[in-house]
Amino acid sequence: MTWSVLKSSDRRAWFAAGVRRVAPPRIGTTLGIGTGVLASLAPGLLPRTPSAQAVLTGLLAALALGVGGILRITLRRCGFDIDERQAWARLPLLIATAVLVAGAAANAEHWQNRLRAAMNTPPIGTGYWVRCALGAALIIGLFACATRAIAWAARKLGWARGVSLAAVVAVLLYLVGVPAMVGWRESVYARANAELDPALVHPVSYSGSGGAESAVSWTSLGAEGRKFLSGPPARAVRVYIGVASAPDLDTRVALAIRELERSGGFTRSHLVVTVPTGSGWIDANAVAGFDQRFDGDVALVGLQYSYLPSWATFVFGRDAAVTAARTLFTAVERHIQGLAHPPKLYLYGQSLGALGGNAVFSGDAEQDGRTCAALWAGPPANRVHRGGATVLANSSDPVIHWSLAQLWRAPDLTGARVDAPVPQWLPVIGFAQTTADLLGALHAPPGHGHRYGTDQGTAMGSC
């Protein structure tokens, strides 16, 4: 059938169908994707790779699109179809949203380059945004396909059977899938903790754990403990007790005291109780800083309480950090009280270690009274006792910003060192941006983000 023989009504119907096929997206779609993209382009704390920005943009846009879809269905069931009543607004809204997104991208590029200039990293350009757009579009497309597939399955099954099936799947995931996933990840982390790195040198010094004279075996120290003890040569006594070094916390603490006695740690003028991060890591920069600060006349003791990543321990097992820090510090404190010439006692922690160490005391006065000094580096939410303590906090460190309270109030940056431009806080959006920045906190250049230097030791106070 040719155009010339089509009836007038058929031509109009054909034309209308063509217009519908190329019509602008629904109002909810434009608003959803636009809102998510604009939120993802708000200023953050750290430079981002194109892939990180693409994931953030794609996830926020998909989330906003999903919320918009739910609202559209709800309104339609209430007898209000915004796409029919306000169909004329589709194209103007699309154009306005595109202009806003372009402006937000330009502002985001300016902000990213300000951050990069402050951190001495290369600026971004057009290629960055091309990769971001492609990655975000892929994520949004996958989300759209998944929702369409779910909707199709729901129509085929019917409302009752669809809800029943979803409930069964949810219960199975909760009872079987989640525990299986958690167990698998724990086994992965346990293997990583036990794995021996041939590049690490087994210490032969008498003044450290894991050596021939030590009651602590080299294999029981864990991956981070072996790194701590085989780091660059230092004059400090280094004692470390791994999770596998003894069957329970009290036995591990008693073993730490015996190791300090054996290695001469209590004969040093200064003794630092170092609280590791969730994985058992003690920053080598802090070790070097303490060695420099006390001219080698210092002993360091650390006790591993977990081999999981810090984020996992923070979410699921932060009490372990608190209990381990309190038990070890109290045992060391009691032991030196019986010595004729006790060393000065200090406490140090970075990140989750700062949270655990801080919980040893009930307040500033107690902390000041029971320690010669304390030092906290990158404390979560920047909330620590400050009596007698030095607090190191980069303003670009998302760890000191992040807390659930950031959803509705600005973070407390008291005492933070301004190392880069700090974005203005926005409700909800600031929380989302900080959460995204947490993933790259340890990949920032030295002195920025969650990376601290030898000042973790050299800045320790005195008494």
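Including glycine, each Cβ sits where the backbone N, Cα and C put it.
Lifted from TrEMBL, the feature list:
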DOMAIN    41-232  domain 'Alpha/beta-hydrolase N-terminal'
DOMAIN    237-382  domain 'Alpha/beta-hydrolase catalytic'
DOMAIN    391-455  domain 'Alpha/beta-hydrolase catalytic'
TRANSMEM  52-75  transmembrane segment
TRANSMEM  87-108  transmembrane segment
TRANSMEM  128-151  transmembrane segment
TRANSMEM  163-184  transmembrane segment
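Among the listed stretches 87-108, 128-151, 163-184, the one sharing the most Cβ pairs under 8 Å with the transmembrane segment (52-75) is 128-151.
Outside the transmembrane segment (163-184) by six or more residues, the chain places 157 with a CB less than 8 A from a CB of the stretch. As a whole-number mean, the pLDDT of the domain 'Alpha/beta-hydrolase catalytic' (237-382) in this prediction is 93.
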